[in-house]
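*Asks:* Right, I'll just put the structure down here and ask away after.
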2 protein chains.
Amino acid sequence: MKEKGLLIVLSGPSGVGKGTVRKAIFSQEETKFEYSISMTTRNPREGEIDGVDYFFKTREEFEELIRQGKLLEYAEFVGNYYGTPVDYVRQTLDNGNDVFLEIEVQGARQVREKFPEALFIFLAPPSLSELQNRLVTRGTEADDIIRGRMETARKEIEMMNLYDYIVENDKIENAVEKINSIVQAEHCRKDRIQQRYINMLEVE
Amino acid sequence: MKEKGLLIVLSGPSGVGKGTVRKAIFSQEETKFEYSISMTTRNPREGEIDGVDYFFKTREEFEELIRQGKLLEYAEFVGNYYGTPVDYVRQTLDNGNDVFLEIEVQGARQVREKFPEALFIFLAPPSLSELQNRLVTRGTEADDIIRGRMETARKEIEMMNLYDYIVENDKIENAVEKINSIVQAEHCRKDRIQQRYINMLEVE
C-alpha cells in the first residue's frame with residue numbers, strides 16, 4: 001500500500017498575507033509539495049493563465065461541479081465563485097505527494113469536515129501581538145478604536161479553534177520557515193513512520 | 001502566568017547514536033533549549049567534570065535521592081546508577097525554557113508517566129530501513145541472521161509506541177534538522193499559541 005501524501009491547509013483572516021506566504025513557499029526550490037490550483041468564475045486578469053493561476057470556468061460550469069460534488073470547498077465572494085477541485089487533490093495525495101491549499105477560513109471549515117486528518121495552519125496577523133502593546137500603553141488611542149480591535153482579535157482567536165498550528169505572519173521568512181518545519185515534523189509523526197516500518201517487515 | 005517550556009525527550013535503542021545527535025544539537029549556536037545534566041554513581045573518566053558531564057554521586061547519595069523522589073527517571077547499568085534530577089527540569093520549564101533529555105528507553109517510559117505532555121522523539125537506527133533491502137535480496141545472508149535482525153526490528157518498532165515522533169538517524173545532519181523542526185512545530189501548536197493570545201487579551 002502506497003503511503004498517502006499530506007494535505008496542508010493554510011488559511012487565516014483576509015488581509016493577513018496568505019497569498020504572499022504561499023508564493024514565498026513555492027519560490028523555494030526545495031519545496032516538495034504540490035499547489036492545488038483554485039477554480040473561479042471571475043474573469044482572468046491581465047497576464048493570468050488558465051490552469052496556472054486559476055482554472056477559469058463559467059458560472060454554469062461551476063454550479064454543475066458543485067452539484068456533482070467535485071469541489072472540496074468553495075465560497076462566493078463579490079458575485080464570483082472560488083473553489084478547490086477535489087479530484088486533483090485526491091489523486092495527488094494517493095500518489096504519495098503532499099498537497100498545499102491556500103484558502104479562506106470558510107473553505108478551511110469545509111475541508112476539515114471532508115479531510116479531518118489534514119494539517120491545518122492558521123496564519124495569524126501580527127496585529128494580534130501588537131494589540132498587547134497598545135493595551136498596556138492605553139490612553140494614546142481612543143477607547144472605541146481599542147474596543148474595535150479587541151473585538152476583531154477575539155473573533156480571530158476564536159477562528160483558531162479549527163486549526164492544528166498557528167503561525168504569526170510577523171515576517172514572511174519566519175512564517176515560511178515555521179510552515180516548512182511543521183510539514184517536516186508531521187512527516188516524522190509516530191503513526192506515519194511506524195506504519196512504514198511495519199509495512200516493510202511484511203514484505204517478507 | 002508564565003508560559004512553560006517544552007520537555008523534549010530524545011531516546012532510542014542503545015547504539016543508535018543518541019549521544020552523537022545530542023552533541024550535534026548543542027553545538028549549534030541557535031539551539032535555545034537547556035540540556036539536563038544526568039547524575040551517575042560511576043567514577044568520572046579522564047577529563048570529565050562534575051556538573052558539566054555528569055553530577056557524580058556516591059551510591060548512598062543516589063539511593064537517598066531516589067527515596068526522596070528527586071529523580072525524574074533512573075536506571076541501573078552494569079552496577080552503576082544513571083538518572084535525571086527532577087528539580088532542575090521543573091525549574092527550567094517553569095522559567096519558560098525548553099529542556100532536552102537524552103536518555104535510555106526505560107527512562108523515557110518513566111518520564112512519560114510523570115510528564116505525559118512532554119515531547120517524545122525516538123531515534124531509529126537506519127538498520128531498520130536497510131533491513132528491507134536485505135529482505136528483498138534474500139539468499140545472500142543466512143536465514144538465522146535475517147531472522148535475528150527481524151526479531152530486533154520487531155522489538156524496535158514495538159518500542160516506538162510510546163513516542164510522538166520518529167527520526168531515522170541515517171545522517172546526523174538530517175536527524176538534527178528534523179529534531180529542530182519538530183521542536184519548532186511544537187511551539188506553533190494551536191493550544192499553546194491560542195492560549196498566549198487569550199492571556200494577552202486578559203492584560204486589560
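Keep in mind that glycine also has a Cβ here, set from the backbone N, Cα and C atoms.
These came from TrEMBL, pasted as-is:
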BINDING   A:Gly12, A:Pro13, A:Ser14, A:Gly15, A:Val16, A:Gly17, A:Lys18, A:Gly19  ATP binding site
DOMAIN    A:5-184  domain 'Guanylate kinase-like'
*Asks:* Using the Cβ centroid of A:Gly12, A:Pro13, A:Ser14, A:Gly15, A:Val16, A:Gly17, A:Lys18, A:Gly19 as the reference point for the ATP site, which residues of the same chain not in that list have Cβ within 8 Å?
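*Replies:* Sorted by sequence, the hits are A:Leu123, A:Pro125, A:Asn169.
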*Asks:* Under 8 Å Cβ-Cβ from A:Lys18 (ATP binding site), six or more apart in the same chain: what's there?
*Replies:* A:Leu10, A:Ser11, A:Gly12, A:Glu102, A:Leu123
*Asks:* Which of A:Gly12, A:Gly17, A:Gly19 has the fewest nearby Cβ atoms, counting only those within 10 Å, among these binding-site residues?
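*Replies:* If we count Cβ atoms within 10 Å for the binding-site residues A:Gly12, A:Gly17, A:Gly19, the smallest count is at A:Gly19.
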*Asks:* Around the Cβ of A:Pro13 (ATP binding site), how many other Cβ atoms lie within 10 Å? Please give the count over every shown protein chain.
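*Replies:* A:Pro13 (ATP binding site): 18 neighbouring Cβ atoms within 10 Å.
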*Asks:* Let me spell it out: for each of the binding-site residues (A:Ser14, A:Gly15, A:Val16), count the other Cβ atoms within 10 Å of that residue's Cβ, using every protein chain shown. Which one has the most?
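*Replies:* Checking each of A:Ser14, A:Gly15, A:Val16, the winner is A:Val16.
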*Asks:* When the pLDDT values for the domain 'Guanylate kinase-like' (A:5-184) are averaged, what is the result?
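*Replies:* Overall, the domain 'Guanylate kinase-like' (A:5-184) comes to a mean pLDDT of 90.
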